[in-house]
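Written below as structure tokens is the structure these notes are about.
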Amino acid sequence: MQQRILAFIGAGNMSRSIIAGLVQAGYPAERIIAANPSRPKLDALASDYGIRITQNNAEAAREADVIVLAVKPQLMAGMLSALVGELGSLEGKLLISIAAGIKVARLGEMAGGHARIIRTMPNTPSLLGLGMTGLYAPPGVEQADRDFAEQMMQAVGKTLWVAQESGINGVIAAAGSAPAYFFLFMQAIAEEAQALGFSPEQARLLVQQTALGAAAMVEQNPDLSLQTLREQVTSKGGTTAEAIKTFQEQGLMPLTAHAMQAAVARAAEMETLF
């Protein structure tokens, strides 16, 4: 991985996870700077990972080759305006956004017309190093910058590039929001398991271990489709077949599609707010 000077503007949980993944993978800690108003968060990062810290965004950005935009979306415009005001320009710097809901063109406007921007959409399992991140870069962004952004996000999981920026909203529906879908389904199974006589702890164990095992079977059998994996554990006339039949009759597949389309629509709507 190219060892550029990397500044994180914002030191929340996602920044911390990326920094941890980078340092653990051998990225030089002295080439990472974190800027944040909260001193305790900065002190913890410096103590845990040996990176450089500052409460001054401009100080971090001035030295950086790459600036990771990791503030809340509603704070982005003010933060970038202040940076441009203090530095005069962000020319020569790659901006990588991990903020939700702000399109590349809008980020460029906020950054004083800056065009060297990559937008990413990580999901919450990234906090455990098991994330899925979608990335988008406009045509003018060089391959070296794309490679850096991809390798940076691989510090917290797997990555997928989308050809059009609208694809980020698809990533939100299929990965960004999706952990909550699984949690909801797990909750439904656990609650019914309790109704069948299991304690809450037993029900959680049953669901948790089964979900882990099912995910591992998917990962370890890349040549098998999801349908094939399902069919392999569905004996004709058996209990699993009866449950699957009920799910299908009750419209699980179209309901899932409808929910994901609702997520896409909301993501597109949120892009108009900033």
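Glycine too: its Cβ is placed from the backbone N, Cα and C atoms.
Note: TrEMBL annotation is automatic and uncurated.
Annotated features in TrEMBL:
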BINDING   I9, G10, A11, G12, N13, M14, A70, V71, K72, P73  NADP(+) binding site
BINDING   N57  NADPH binding site
DOMAIN    6-101  domain 'Pyrroline-5-carboxylate reductase catalytic N-terminal'
DOMAIN    165-270  domain 'Pyrroline-5-carboxylate reductase dimerisation'
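Here the features listed in TrEMBL are placed on the structure.
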residue : record               : DSSP (3 states)
I9      : NADP(+) binding site : strand
N57     : NADPH binding site   : helix
A70     : NADP(+) binding site : coil
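Within 10 Å (C-alpha to C-alpha) of N57 (NADPH binding site) lie the following binding-site residues from I9, A11, A70, K72: I9. Annotation for I9 (NADP(+) binding site): same-chain Cβ neighbours under 8 Å, separated by at least 6 residues, are A35, N57, A60, A61, I67, V68, L69, A70, V71, M79, L83. Sorting the binding-site residues N13, N57 by the number of other Cβ atoms within 10 Å puts N57 first.
Residues within less than 8 Å, Cβ to Cβ, of K72 (NADP(+) binding site) and separated from it by at least 6 positions along the same chain comprise G10, A99. For A11 (NADP(+) binding site), the same-chain residues that are 6 or more apart in sequence and have a Cβ closer than 8 Å to its Cβ are A34, A35, N36, S38, K41, L42, L45, A70. Here NADP(+) is bound by I9, G10, A11, G12, N13, M14, A70, V71, K72, P73 per the record. The longest Cα to Cα distance in that group is 15 Å.
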